[in-house]
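Participant: Below are the structure tokens for one structure; questions will follow.
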């Protein structure tokens, strides 16, 4: 969709932050209303992250109004909430292309704009990076300010606390803005969230410290502010504020939807020295009733009709791999109370909602804490339980040391259910599941399985769950299965592939969900096709047996070629001193950009046409 100035007469005058700062402060509430409506109209047509952006409209306007961005550094955490930021920083007319191939990046992205000072996508990085920028700015001595905006879900992660501990110690000039909406993607959990929730509404300002009184000087009666925001605003307790213990000056809580009040507060805070902490209360999905009532479902949305306010449902499609996993969990838990399912704040995304309700005593959401999730699972295994860690491929990167040191080294039986393995699509470089095979394959004691369909996924989960003597990993893709029948669960023979088709001269070894594409190619060029199933251990006898009957081997995987499953085939031939031409097909040595899954597979020649072309061109050399 294109921007229509007549629909948004105030926003029409604001395509850059320089134009924003020319607007009178009295016009900002109307600007916020139009910005929110434009965001609703745009995302309903394009799809994308939705509820988070609605909740930070006033905060975004106030920050850009007060701070001299991009000279001043504004650092967004995760980036789900950054759509209003993009609209105000010269990308208003392109916002309808967000998350699309060759369109705006789904998150703040350094290559896209000078206003995006940190590329993000993963949680809890803003304060660490912002602190580094603040230290650099102090050495530069040009008056540059640094502001980090982090949500109450992201701030639960250890990395955020490490950064605050450091910032308080060195007394850096940095402002941390806590966007407290009681949500991350799923509902927030944990002791810190409970603590924030206990900062109860108050009718008075007696609890405000001297610093708070100074910052709020010039606002209308504090009593009136808190009276207006009583339902959402939670003033800080009189003593023992957690953030002040880190050495921050704590201000708040304040109404995150009063843009004029935010402007006054930020103008005063801009003059302070040392680490500052502004606690802002917002409503995720603000201004659109369906999103306010169900911010989890409306966190990231497909195209929808904003007048109807109902998200479209997939009908007639096979279940997603995430749904298959969730149902498998419930099936096992029905007869096995030793199963313990662990997720780092991805209950809905990992397909665990029903399981969490049916078996709450066997379900643990540890918040955005991937490192803790893995070592917590190690402890459960030591205690005699059977932990299953449900985690996206891209987020498992954050717990790599724990997988090695706390699980594999100690030969603990932990099952990693790795969702979103391979091409993810519209979330772009930060979320593609390209690296899990490569970084797991070099770890001793681990078993790695790659299902080619939803039934095989179930069998592999069951196999990994019953494996003793070390961890196992099942990596499965984003999206729906292919509709194959689901067979009764059974343990697969470890490290054994399956010959799907016999042909001549060429053998194709497939690892994972590209099997359907490989089957088409194998038929067209009359090659043998093997569903390898296991990346580690490899079916060495099957692979080495190919030497007697075939002239060449092709490996196919939806992951990084370097260090991937195909590399394992190369290593096997070299270790046995066998000469065999091998073509490795997969993702190249680059970060894969956004687009639909099908677009990306076509661009990187991972559809059957591209696979066949790669093979034919290679054989012709």
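Each Cβ is built from the backbone N, Cα and C atoms, and glycine gets one as well.
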Participant: TrEMBL records 80, 121, 122, 123, 153, 154, 288, 370 as thiamine diphosphate-binding residues. Which of 181, 445, 455 is assigned to the same site?
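Facilitator: The record-listed residue among the candidates is 181.
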Participant: Based on Cβ atoms within 10 Å, give me the single least packed residue among the binding-site residues 80, 122.
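Facilitator: The binding-site residues 80, 122 were compared, and 122 has the fewest Cβ atoms within 10 Å.
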Participant: Ten-angstrom check, please: count other Cβ atoms within 10 Å of the Cβ of residue 370 (thiamine diphosphate binding site), all chains counted.
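Facilitator: The answer is 28 other Cβ atoms.
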Participant: For the thiamine diphosphate site made of 80, 121, 122, 123, 153, 154, 181, 288, 370, how many Å separate the two farthest Cα atoms?
Facilitator: 32
Participant: Return the average pLDDT for the domain 'Transketolase-like pyrimidine-binding' (319-484) as a whole number.
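Facilitator: Average per-residue pLDDT within the domain 'Transketolase-like pyrimidine-binding' (319-484): 98.
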Participant: Please list residues from the chain of residue 181 (thiamine diphosphate binding site) whose Cβ is under 8 angstroms from its Cβ, counting only those at least six apart in sequence.
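Facilitator: Once residues fewer than 6 apart are set aside, residue 181 (thiamine diphosphate binding site) is near 55, 151, 152, 281, 282, 283, 284, 295.
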Participant: Ten-angstrom check, please: count other Cβ atoms within 10 Å of the Cβ of residue 153 (thiamine diphosphate binding site), all chains counted.
Facilitator: 29
Participant: Check the DSSP secondary structure of residue 122 (thiamine diphosphate binding site), expressed as helix, strand or coil.
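Facilitator: DSSP assigns residue 122 (thiamine diphosphate binding site) to coil.
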Participant: In terms of DSSP three-state secondary structure, what is the assignment for residue 370 (thiamine diphosphate binding site)?
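Facilitator: Looking at the DSSP assignment, residue 370 (thiamine diphosphate binding site) belongs to a helix.
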Participant: May I ask you to report the DSSP-based helix, strand or coil state of residue 152 (Mg(2+) binding site)?
Facilitator: coil
